[in-house]
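J.: So Swiss-Prot lists these for the protein:
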type: REPEAT; residues: 29-51; note: repeat 'LRR 2'
type: REPEAT; residues: 75-99; note: repeat 'LRR 4'
type: REPEAT; residues: 124-145; note: repeat 'LRR 6'
type: REPEAT; residues: 171-192; note: repeat 'LRR 8'
type: REPEAT; residues: 218-241; note: repeat 'LRR 9'
type: REPEAT; residues: 243-264; note: repeat 'LRR 10'
type: REPEAT; residues: 289-312; note: repeat 'LRR 12'
type: REPEAT; residues: 313-335; note: repeat 'LRR 13'
type: REPEAT; residues: 336-358; note: repeat 'LRR 14'
type: REPEAT; residues: 360-381; note: repeat 'LRR 15'
type: REGION; residues: 405-476; note: region 'Disordered'
type: COMPBIAS; residues: 431-476; note: compositional bias 'Basic and acidic residues'
type: REPEAT; residues: 749-822; note: repeat 'Gelsolin-like 3'
type: REPEAT; residues: 1168-1242; note: repeat 'Gelsolin-like 4'
C-alpha cells in the first residue's frame, strides 16, 4: 500500500525536475503544502492540477515564464510564492486571481512592467509582494478592492506616485516604497494609515521639502527606514514619533542630531552610518532599550562619543568603523551587554583597561589601527573568585547540604578588600532596568519563602550550640553509581503527571505512543512509570516492570535493570515492582482506564545475536576529493566506469579492491586505502581482505568482480577519461520524517553554511538522506517504531519518484552503526580516531582522547563534612579518672625495656614514665579482664534455684588474660629500634604468649589513652638520649625547661621539654625550670623552679609539684614554687634568656582544630585530627588547615600537589564562612604558612614544638 495519499507536505528543494516531473505526485491527494524551489522548472507541471487540497505552493528560483493552466484549478490555494522567476505580464492568467482562498502572493524578482491584470479581483489578499520588477504605476482600482492588505512591498520599481486610494488601506501594517523615484510625491495619504507599523522610504529622494510632515501622526509606527536620501538634518516631526523601535538614517547628509532623540524611549536599533556626523548628542545616553548603534563612516573623534555612553546598559552592538577616533571613552566598557564592538579603520592609540572586563564580547574588530597598543590584561588573581575548581561547587550552601547539615536561613557576606577591577565590573553592569528591578522583586519574594521554609525545617538552636549532624539512613549512605542515564531516558521523563511506558528492544528501553498504552505483547517486556503530585505538591512516582510469558531472557533482565536505572535517574525512593502476565496487582491494573489487552507474539527484536547470511551487493565507488576529505560516489560496476585519472573502490563484501589509475593522485590512493581499512574494521569485523590493483596489472578476481573474465577485459577498450574536470557530486538533501495523526510530512533540514553536519541528526527523529545514487534512512535510537515504519515506506516512494540509475540503492542506517559511505556525506564525522598512547584503549573509549574536556563534564566527588562537624569537646575530669582507674585495675603487670647498645634491656624503676626523644621503649602489659557472669533467671521462666545449683556444680569461669606489647618510638629515634624489636624481642614474646600477643607501635605524642593511663598523668618527654650528657657551647650543663599541658582531657597530660625561652610562658599553664650549678666534682646540683601561671587550674598546679619532686629528688637540688609575678631576676629570667613578653591566656585551647586535606582515597577529602594532635601530624604530602579561634592557617607541605593547594584554599574559605555563622563574635582571618616558616601564632597550638623530624 502506498503512503503517498497520507503525505500532507513535502519539500523537493534542489531536486532537478527539468527533464521529467514525477508522475507519482498525483497520488498525494491530501498534500497541503509543497515546496518546489530551485527545481529547474520551466513550466507548471500537469500533476499539480490533481492536488486539489494544496494550500501552500512555493516555486521560487525557477525558470518559469508563464503559469497558465493547472494553478488556476487549485481552489484551496492560499499562499503562492513565485519570486525569482522570469514571469512577464502575459504569462500570468487573470483567472489566477479568482481563487477565493488566495491570501499571500509573491511576484517579486520577475519581469513585470505593470500590475498583473485582474489582480484587483483577489480581494482576500493580505500579503502582496511586487518588489524588484519594472512597474511604473499602480492602477486606481487596485487599492479600492484590496483593502485587507497587511503587507505591501513595492520597492525597487519605477513608481513616481501612488494613487489617492492608498488611504483606503486602513489595515496596512508594512509598507515598503524603497528605491522608487518618488521625488514629487509627498505621501499625503499617511495620516489615514493608522495601523502602519513599518514604513520603508529608503532611496525615495526625500528632502526637507517633500518629507511627509504628518509622519508623527502614525501612533503605531515602530520601524522607519530613511536611508539613501539627501537629508541634511532630521525633520522635527521624526523626533515626535515616540513609538519608534528601529530607525535607519544611514547614507544621508546629516551633520548633527538634536536633543530630541531622548523622546525615543523605545528605540532598540539606530543606524547613522555614512553621514557627516562630528558628535553624537549626549541625550542619546538616555535611551534605556538601545541595543544596536551603528555610526560607521562619519567624522567622530574622542569628544564625539558622549562620556555617559556607559548608561546604555542594553547596548549589544556598537560599530564605529572609518571614523577619526584616537581613543574611546571608558564608559563604553561599562556596557555590560556589549557583544560586538567594531572600531576598525580609525586612529586608535590605545583602549581603556576595562576592555578586558567585557566578558560577553564575542566580536572585537580593531583592524587598520596601525598605532594601536592594547592595554595589559588585569591580574589573573582578580579573577580567581570566578574560576571553577575541578567542577566542584564550593558554595557554603552546597557543601552543607552534601554534609547533611541544616543550611542557615541567612548567609552573611564576607568583607572583602576593595578591588578596582571588581569596581569596574560593577560599573560596567550599569543601572538596572525596570525589567531587572521587577525580576529582583520576584527573586526577593522567592528568597523570603525559602527563608521561611528553612526556619521551619532546620533553624539554628537558640542556645547557640553547634548542631550535631544527623546520621544518614543506610539506604542514603549507599553510593549511587555515576552513570549517564541520558542514553536511556529523556530530561522530560517523569516531570509531568501521567503515564509513560517503555518497551525493551535490543537491550534498551524505547518509549511507546500513548495510543497503545494497555496493550502488551506476550513476547515483550515493558517499564511503566506513573507520575503524580503528592500532598505537598512534590512529584511522586510509581515504577513497574511488566514481564510477558513468552519474553526472552534478555528482555526480562533488561526490564528489571532499566527500571532501577529509571528510579536512579528520577531520584525516586519508591521500589520497582515486578508484574507478570496474568498475575498483575490491583495497583498496576488501576493505572489503565480500560482492561489490559494481551497480544500474541512479540513486537520488538531480541538483543542477542542472530546468525543470518549477509548478502553483499557489488558496489563500485569513484573516489573524489571534497575539501580535506574524500567522498565515495557510486558508479556502475563496469569497466567503462573506470577513469585513469581517478581511484576506484570495488566492494565485494569479503574482498575490497582499490583500483588506481595510472594518472591518479597518490593522496587519493592512500585515502582510498584508509577508507577501505575503516570499512573492514567497522563493518566487516576486520575479516575483509583488501587488495591494491594498478591499472594494467589487474588480477582475474578483480575483473571477475566486475562481471567479466581477464580475456574479456583484455579484449575490451582500456579505461578512458570520461569524468569531467569540474565533476561535482549531487548535493545531498536531508529530509526529516514527521508523523502526525493520520498524515506524513517530509520537510528538508536547513543546513548551516550549506554543509551537512552529523550534529543535525537527532536521536528522537528519523531522517532520509537523498544522494540521488543512494538513499539512506537513518533511524534515531529514541525514534518511535511507527515513524520508522512510515519512513521506510516513504523512502521507497521517494526513491521511485526520481529517475535513478540501476545501481542506486535504499539503505537503512541505525544510529550508532552508520556505515562509512554514509559518514562521508557529512563534514568532519569521525575523520580522526581518538588515540592517546599514554592510556589504555579501554580508557580512551570510555572518556575520549580529550581527557580535559571529559573531566569538565564530570561531577567531582568530594567529602568536606568534617569542616561542618562540631568540635570534639574535652573529656571531663571525672570521666578521665574513672577510665584511668578501670584500665589500671585490669593491668596485672607492666615490664619496661629500653634499647641500649642495639639490644633491649630492662628500664630502671626510677625511669618509668620518663621518655627521651632519641630512644625506643618496649612495654609488656598483661591485662586480666574478668568475664561477666550470666544473670540468674531465664527468659523462658525456668526455676532460678535450679540454675544456681547448676552453676555451682560447674567450675567458675576464669578471667581472660590479654597481653599487649607497646613499642614507643621517639621523634628523633631511627627505625633501627623497631627492626631490632621485630627480629629479637617480639619473637621471644610470641614464643612465650603465643598468637594472642598484640603488638602496638606508637610514636611520640601519638599515644593512645589506655597506654597513657598507666603513667597516671606523669608522662615526661626529655630531649635527646638517656645517657648522653648535653652541654652548651661553653661546656656548661644546659638549662632544662619543661611545659605541662593536656590536650582534650586529663589523660593526655604530658610534661615535655622545650627550648628555654621566656616567650613560651603562658599564664594558663605550669612549667618546670631546672638551672644547674657549676661544680668541680660534676655533681648534679642546681635549683628547680616550679612556675605556676596565674590562670592555671589547681589540679595541674598540684600535679606539676609532684612531678618536680619526683624528677629532682636530690639533696643537692633546691626546689622552689613560684607563682606568676614572683620570679627572681637572677636565676629565673637569666636562665630563660631574659624577661620577654608572653601570652597571658590560652583561649585558643578551646577552639583549636586541625584538618588534613588529602587525595589519598582517590577523591578530595577533609578529615579532622583528634584534639590531641601534635607536630608530627603535619604530613609533607598534604595540606593542613589549623583553626585557633582567631586565625585559620593553611599549612602547605613541601610535597603537596597543586590540585590539593587549590582545593584546600577553597575549603578554608568555606570553613571561614561557616564559622562566621556559628561564631559571629569571633571572625577569623586566613593565613598561609609553609614548613619551617611557621609563626608563633601557629606553633603555640602544638605542645612541645621543635625542629621537624628529618627522614633519611
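We count from 1, first residue shown onward.
Cβ from N, Cα, C; glycine included.
Since we're looking at a predicted model, the values are computed, not measured.
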J.: Looking only at the repeat 'LRR 14' (336-358), what are its DSSP counts of helix, strand and coil residues?
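T.: Its residues fall into 5 helix, 4 strand, 14 coil.
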J.: Restricting to the repeat 'LRR 6' (124-145), what is the model's mean pLDDT?
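T.: Across the residues of the repeat 'LRR 6' (124-145) the model's pLDDT averages 93 on the 0 to 100 scale.
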J.: What stretch of 124-145, 218-241, 289-312, 336-358 shows the most Cβ pairs under 8 Å to the repeat 'LRR 8' (171-192)?
T.: 218-241
J.: Looking only at residues six or more beyond either end of the repeat 'LRR 14' (336-358), which have a C-beta under 8 A from one in the stretch?
T.: 291, 296, 313-330, 364-369, 371-378, 421, 424-425, 428-430
J.: As a quick check of your reading of DSSP, tell me how many residues in the repeat 'Gelsolin-like 3' (749-822) are helical, how many are strand and how many are coil.
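T.: The composition, in the requested order, is 26 helix, 17 strand, 31 coil.
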J.: Which sequence positions outside the repeat 'LRR 9' (218-241), separated from its termini by at least 6 residues, show Cβ-Cβ distances below 8 Å to it?
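T.: Distal contacts: 178-179, 190-191, 193-208, 211-212, 247-258, 260-261, 263-264, 266, 271.
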J.: What does DSSP give as the helix, strand and coil breakdown of the repeat 'Gelsolin-like 4' (1168-1242)?
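T.: With helix first, then strand, then coil, the repeat 'Gelsolin-like 4' (1168-1242) has 27 helix, 18 strand, 30 coil.
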J.: With helix taken as DSSP H, G or I, strand as E or B and everything else coil, how many residues of the repeat 'LRR 2' (29-51) land in each class?
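T.: Secondary-structure breakdown of the repeat 'LRR 2' (29-51): 5 helix, 3 strand, 15 coil.
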J.: Other than its close neighbours in sequence, what residues sit by the repeat 'LRR 13' (313-335), given a CB gap under 8 Å and a spacing of at least six beyond its ends?
T.: 268, 273, 288-302, 304-307, 341-352, 354-355, 357-358, 365, 424, 427-433
J.: Which residues of the same chain, at least 6 past either end of the repeat 'LRR 15' (360-381), have a Cβ under 8 Å from a Cβ in it?
T.: 321, 336-353, 421
J.: As a quick check of your reading of DSSP, tell me how many residues in the repeat 'LRR 15' (360-381) are helical, how many are strand and how many are coil.
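T.: Going by DSSP assignments, the repeat 'LRR 15' (360-381) contains 2 helix, 4 strand, 16 coil.
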